[in-house]
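Annotation source TrEMBL lists transmembrane segment at 76-97, 133-154, 236-259, 323-347, 367-391, 459-478, 515-541. If you look up TrEMBL, you'll see 803-864 marked as domain 'CBS'.
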Amino acid sequence: RCGCGAGLCCCCCGERESRTPEELTILGETHEEEDEILPRKDYESLDYDRCINDPYLEVLESMDNKKAQRYEAVKWVLVFAIGVCTGLVGLFVDFFVRLFTQLKFRVVQSSVEECSEKGCLALSLLELLGFNLTFVFLASLLVLIQPVAAGSGIPEIKCYLNGVKVPGVVRLRTVVCKAMGVLFSVAGGLFVGKEGPMIHSGAVVGAGLPQFQSISLRKIQFNFPYFRSDRDKRDFVSAGAAAGVAAAFGAPIGGTLFSLEEGSSFWNQGLTWKVLFCSMAATFTLNFFRSGIQFGSWGSFQLPGLLNFGEFKCSESDKKCHLWTAVDLGFFILMGIVGGLLGATFNCLNKRLAKYRMRNVHPKPKLVRVLESLLVSLTTTVVVFVASMVLGECRQMAPTSHGGNDTLSLQDMSEDINSSIKTFFCPNETYNDMATLFFNPQESAILQLFHQDGTFSPVTLSLFFLLYFLLSCWTYGISVPSGLFVPSLLCGAAFGRLVANLLKSYIGLDHIYSGTFALIGAAAFLGGVVRMTISLTVILIESTNEITYGLPIMITLMVAKWTGDFFNKGIYDIHVNLRGVPLLEWETEVEMDKLRASDIMEPNLTYVYPHTRIQSLVSILRTTVHHAFPVVTENRGNEREFMKGNQLISNNIKFKKSSILTRAGEQRKRSQSMKSYPSSELRNMCDEHIATEEPPEKEDLLQQMLERRYTPYPNLYPDQSPSEEWTMEERFRPLTFHGLILRSQLVTLLDRGVCYSESQSSASQPRLSHAEMSEDYPRYPDIHDLDLTLLNPRMIVDVTPYMNPSPFTVSPNTHVSQVFNLFRTMGLRHLPVVNAVGEIVGIITRHNLTHEFLQARLRQHYQTI
């Protein structure tokens, strides 16, 4: 196996011509004919299943009800802390984005007003370029420090919640570069949003805070080992991601549904409550501080999220106005279809750009990525400036009429909308509609499209939509932290407002509310791009604070998703596939049930024995890249001869017999219980069986019954490592399965010198506690970095106390859909395939369940038929 998919492609170019599609799928290479990037092999899976070994059982035995309640209380406190910290991260980003953006627009706007009379607009353009290029350059530098901070981070978090360990995605350095980088990206005038990166930031907070340690800052190290496992960490990441959504949109319920819909496979009621509580904490923390800072009214809770849609309300003077009617649903469905088509087009163009960057930008020096970001910033700035100065039309301002019973928030929203109107080159009582959209922060532009009573020219809306569509498509994927929600909402709002203008002008539907059509257009385009349904519906309803919009938003999103899915996947799934991440969908296709577990498993196993010499373990760990190894014993026909004179083999055989005798004891209890069965025939059969059982020959009868008298196989001593020279007979000998042990566990045992000599009993081996086994989580030492000079290679390691003796297993005849559901639902990392007599015949990992791998095996199945 190769650790790097890219290196594999480079070193195997000469052999690719002769490889079958199935081999390309297994190796994780690119299929040239379809130009498809196949899942790579170097992504690890998270292990959501508990390893119930002896150290874990010791922890359970020491835990009573009071300790369990304290443990649960600590979880709730940590969940609350995650929500508060996520809200504070959002507050930090929002504060500095507003500060830098107001400074930039204040300087440039005053320069434009002066230069419009003096004829020096080029100087104003240079000032705007100076601000934007400086901010974007800083954002690109931060991504060079931590490359995984680029983009929105939603594809990476989706992969993590799906059970894939993406390197560096939840590190402290990532959240610092993400939070600082996104505020520079947004302040730099790029067509990006800060809401998507908030989800990533919340997930990092959720992953790091309960660990009470930091890899980036070595001095942050507390003795708190209780939540250092993939299971707990993934639950906290779910809570953090939901808190990020809640902080971004003021939608705690939508955040909870986002974590459920977009990734987490294993879900329970307790986790739901914790995630919702975390989302509420993030929402109200951000709301409390933003309301106090912006309005000076601490405790009023007027700004629930970073993105505020405002209040949708018809003018009191227009008695015929309604937010929407049943007749409008037909237009909403049509808008959903168009939004799905536009979203599919956006995704197709962005996918081609991403592939171009992978081939022509990413292989080059990192400076090229910075130059690309600066080029995008330069182009965007020039387009915004020229469009605002040249392409805008002067439109008449609408009179502002608000009743005296308006709330404070509605008045403030109205003042914010009016203050963001730009009058470049327009006479009194008129405004420049293009400059009003382009020369404002994106949130203000969305409020203009949702609530501005004045009209926008259809030509202006068309040009704005086209320019924003193309530039946001080009921008998403460059080396800066960038979100996609706000650009998509702005594109869709312009599209919806254009539809409303056309309906009013050419069809005469004067009663329609333009803000509703702008909202539905935003939902249609955003749904066509990201393809989310449940969570996005609730997010938009909570953002508008208008429950009556529930039905039209839901219908529009469903139609947009169905239309877009006919052509391609959502934007986040596309970028997941481009990275080659082995993401598991919700379920398999129906035709995959033609395959069984034996068709997709990996039969060529690398295994260890219950008692194995150090030299054998080191050889296995250094010559393989597997992350788990079955613990097995061989089925031999001459075990008594092997037990003579070799303590190591004797220990292994005794362990196997003890496990077999346990099963025999269970059978004996069942036979005794059958004596009380009412049938006299069964009772006589039990008596006869007990009468004929002779104690001296019990072990021989048991051995004959359970070992099935195999013909002798070639004998392999446990101090020998696997060899490529093994024959097929040696590779596939019958092996009794006893459990699974992880690579990290073996490395920890070797690192701490857990072993015993052949002249001693295995009971003399040192014992490690659960805290000691997880002390190095999540970065266990590498086998190549260990100093093993002090260990005698002939010493023996007893792995049985530390292995997982009862992992989930499946039969070779299990259908693929059952295997898939078990693997995904329980969040497994390895799934052994064990036959009816307890022998392991293969193992299934995440890579064996990807859509591409299953398709390749299905083609093999058809060829065999």
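Placement of Cβ uses the backbone N, Cα and C atoms for every residue, glycine included.
Between the transmembrane segment (323-347) and the stretches 76-97, 236-259, 367-391, 459-478, 515-541, Cβ pairs under 8 Å are most numerous for 515-541. Using a cut-off of 8 Å between Cβ atoms, the transmembrane segment (515-541) and the transmembrane segment (236-259) share at least three residue pairs, counting only pairs 6 or more apart in sequence. Taking every listed stretch (76-97, 367-391, 459-478) in turn, the largest tally of C-beta pairs under 8 A with the transmembrane segment (236-259) is reached by 76-97. By the Cβ criterion (distance under 8 Å, sequence gap of 6 or more), the transmembrane segment (367-391) is counted as touching the transmembrane segment (459-478), at least 3 such pairs being found. Across all of the domain 'CBS' (803-864), the predicted model scores a mean pLDDT of 89. Non-local neighbours of the transmembrane segment (76-97) in the same chain are 175, 179, 182-183, 186-187, 194, 197-198, 201-202, 205-206, 209-210, 227, 236, 239-240, 243-244, 246-248, 274-275, 277-286, 289-290, 293, 306, 441; each lies 6+ residues outside the stretch with a CB under 8 Å from one of its CB atoms.
The DSSP breakdown of the domain 'CBS' (803-864), given as helix, strand and coil counts, is 28 helix, 13 strand, 21 coil.
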